[in-house]
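Note sheet for the following structure.
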Amino acid sequence: MSRLKNKNILVAVTAGIAAYKVAILVRLLVKQEAQVKVIMTPDARSFVTPLTLSTLSKNSVEWKFFSDNGDWNNHVEFALWADYMIIAPCTANTLSAMANGTCNNLVLATYLSAKCPVIIAPAMDLDMYQHPTTKSNLEILEKNNVHIIPSESGELASGLVGEGRMAEPEHIVDFLDKLIEKDLPLFGKHVLISAGPTYENIDPVRFIGNYSSGKMGYSLAEASYLLGAKVTLVSGPSAEKVSHKEITVQKITSAQDMYTAMHNNFLEADITIMAAAVADYRPKEIAEQKIKKDDDTMIIELVKNPDILKSLGEIKTPDQILVGFALETNNEIAFAEKKLKKKNLDFIVLNSMRDKEAGFQKDTNKITILDRNGEQKSFETKSKKEVAFDILSYLITQKLS
Ligand code: C5P
């Protein structure tokens, strides 16, 4: 899933040679599951065909105020439909028209009607881009809150080399992603998450572990990222992969490694969620060589691991939100409430081993969230990805809004 999923993106194409790259832009947006509509200036059709763009966007492409059957292509409707409007390429002529409020084609009329953020990717020859009139037009648009993706440097269609190339489609998508991020509820927040099991070594080839898959923690990392946060994921051994390269992953093995990694990141974290299944005990000694099976019985002495969550609860500031998980088999609510207090948490997410759909290795979970004011909310069985959104949305409404 991407942050662009289900966003309505209106791509407006004007008549510059870079228009051929808009096909790639539309493809990238559709791949990220955005809804895409394309409008054009009449002359833009000389550079890229409406058929190409309608095929890629899966929507009809308009360039006139009236369709051939006489229907009015309502520019206001396009403008209202769009969550974001991208004018790419934006020629010197369209720039000038936008700066002056000219309204003689469908793209300009739609721009004037748009209440959503408007992004332009100017594209023109080097000297046109440098011209004082172009510069002052860009300044006017900037003042009018139009987002400008600066032209890039390189070879131009004229043969000149310099600034004026339309930003590459990938860069336009990145720019849009960053803009969307600013409107998301966790924008500016750092979320720290732990996931998976820990392995406690017995000897070089054996360990004590548990069946945690890491799915819940990885889903929380993805959901936090999609809600706009900067995310650090501290993961024990897990087959899961992070969905977005922007999520920082620190892989660890033992509870002690996890303790260090969590504390190293904790001061910077606004929200910390311990979804890991930390081993409570570790072998007192780790044998240097593989232990031989000479005896009929064997005793491994275990010592207690630090309770990471509790140690974070002891140093947390009032601005930091700390969330733990509780997997219980009986007296679930009472045990979870006790843990919440003992570990100084803001929320505890309870899943019961009595629920067949919850727990280790499962793709689904059924949770109840308890907070420190004694409030609790139970949710239906859902996929762990959906549960992650439920947890974060609850936290946002209870604490951040
Ligand atoms: O006390 P209990 O292990 O049931 O608490 C579960 C919560 O505490 C989980 O959020 C888990 O990640 C965390 N925990 C921890 N360090 C441990 C044991 C559990 O942070 N040693």
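Including glycine, each Cβ sits where the backbone N, Cα and C put it.
What TrEMBL lists as region 'Phosphopantothenoylcysteine decarboxylase' is 1-190.
The feature domain 'Flavoprotein' is assigned by TrEMBL to 7-176.
TrEMBL lists 9-30 with the feature transmembrane segment.
Annotation source TrEMBL lists domain 'DNA/pantothenate metabolism flavoprotein C-terminal' at 187-395.
According to TrEMBL, the region 'Phosphopantothenate--cysteine ligase' annotation covers 191-401. Mean predicted confidence for the region 'Phosphopantothenate--cysteine ligase' (191-401): the pLDDT average there is 95.
Residues or ranges marked as CTP binding site by TrEMBL: Asp280, Lys290, Pro306, Asp307, Ile308, Leu309, Phe325, Lys339, Lys343. Of all Cβ atoms in the shown protein chains, 14 besides its own fall within 10 Å of the Cβ of Asp280 (CTP binding site).
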Site diameter for CTP, Å, by largest Cα distance between Asp280, Lys290, Pro306, Asp307, Ile308, Leu309, Phe325, Lys339, Lys343: 38
In three-state DSSP terms, the structure that Ile308 (CTP binding site) belongs to: helix
If you count the other CB atoms within 10 A of the CB of Phe325 (CTP binding site), including all protein chains displayed, you should get 25
Hey, does DSSP put Phe325 (CTP binding site) in a helix, a strand, or just coil? strand
Once near-sequence residues are set aside, which residues in the chain of Ile308 (CTP binding site), 6 or more away, have Cβ atoms under 8 Å from its Cβ? Ser194, Ala255, Met258, Tyr259, Met262, Met274, Ala276, Val278
Could you check the binding-site residues Pro306, Lys343 and say which one's CB has the fewest neighbouring CB atoms inside 10 Å? Pro306
